[in-house]
Amino acid sequence: MSTVGEAPRRGPGRLRVAVCWITIGSCVPYLVLKVLWLFGSTAGAADAEGAAELLDVRHIVGDVVTAAMELFAVALVLALTYPWGRRLPAAVVAAPIWLATGLLAPIAVGLPLGLVAQAFAGGTPAPAGNGLDGWVFALVYGGFVVQAVGLPFAFVAHARERWPQVFRLRLNQPHRPVAGPRRLTVVTVAVTAGYAAILVVWSVTGSRWGGPAGFDTVAQRTALLSTGLLVLFGAVAVPVLLWWRGPWPVVGPLVLAWIGTSVTVTAGPTHLALSNHGTVSVPLVSVSLVATVAGLVLTRSAIRALPPAEFAGGSGRSLIRRSEPVG
């Protein structure tokens, strides 16, 4: 019930509801496939070796984890669409969509570009000897692309309602908080940029120089290249968000920082998990660990640039809460 003088909150429009349920629908085939595999089915296996690999412990654990993540994505898009989601704490909404961005952005960017590059190069985008039929990749990654559009759409609409001031904030406005320790941020930016460069190198050399195993096709290498570019965007956007004081909107560098830091944190673990037959090298593990830590530190630096609770709309609508002054 709204109080006197308070405008009643409207429910989501038809477009938001449609996007929500299309996104949920894109999760269903993936979940069905995972359930089939967990119950011992070998649907989608291209040969006996592929069928055996679907039933090993590593794949079963992976199926449980990824099925749970997909169910969480369903709950998340519902929370981002319907009014009850605005009553959840900011971190409960923002942290999962940030992680989802890191997982899905390289697919959303790399898959279309990779397919185009593969079309020019010839051959198949799926790696040889992967043990799975081609339709499995189409089903899985097609669903991921839909989610990579639907989840951010839902979050932006949610954020516009919950934190409208952020979309009007300018880089040179005086109430923006002062950045924290500059030296740590500069070092972290340099490490993150170095990680971006390593990913670009791996997109050319593959596993020969320590890159993830099984990334052999042109499409897969293009996805690695796209990941490196997204990481680089984050390394550039965070300093702009912290120290640039031009008259431009905050939302541009904030979006790039959001994408770049999330990809930096999640790319390494993703590459370790997707390495062919679980084969990982010492350089891959080391680089992934350093990059994940650097991404978390860079994320912390970016959070310092967000409006304090009193600017973002009060205790019920705050984007971030702070108990101490920033700086």
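Backbone N, Cα and C atoms are what each Cβ position is placed from, and that goes for glycine too.
Unlike curated records, TrEMBL annotations are generated automatically.
A quick note: this is a predicted structure, and the numbers were derived from the prediction, not measured.
Taken from TrEMBL, the feature transmembrane segment applies to 18-40 (among others).
Under the heading transmembrane segment, TrEMBL lists 60-80 (among others).
Marked as transmembrane segment by TrEMBL: 92-115 (among others).
The transmembrane segment feature in TrEMBL is assigned to 135-159 (among others).
The transmembrane segment annotation in TrEMBL covers 184-204 (among others). Distant neighbours of the transmembrane segment (184-204): 210-212, 215, 221-222, 224-225, 227-229, 231-232, 234-235, 238-239, 242, 260, 264, 267, 287, 290-291, 294-295, 297-298, 301; these residues of the same chain sit at least 6 beyond its ends, with a Cβ under 8 Å from one of its Cβ atoms.
Per TrEMBL, the feature transmembrane segment maps to 224-244 (among others).
Annotated transmembrane segment per TrEMBL: 251-274 (among others), in sequence order.
Positions annotated as transmembrane segment by TrEMBL: 280-298 (among others). When Cβ-Cβ distances below 8 Å are used as the criterion, the transmembrane segment (280-298) is approached by residues 184-185, 188-189, 191-192, 195, 198, 207, 209-213, 231, 234-235, 238, 261-269, 271-272 of the same chain, each at least six residues removed from its ends.
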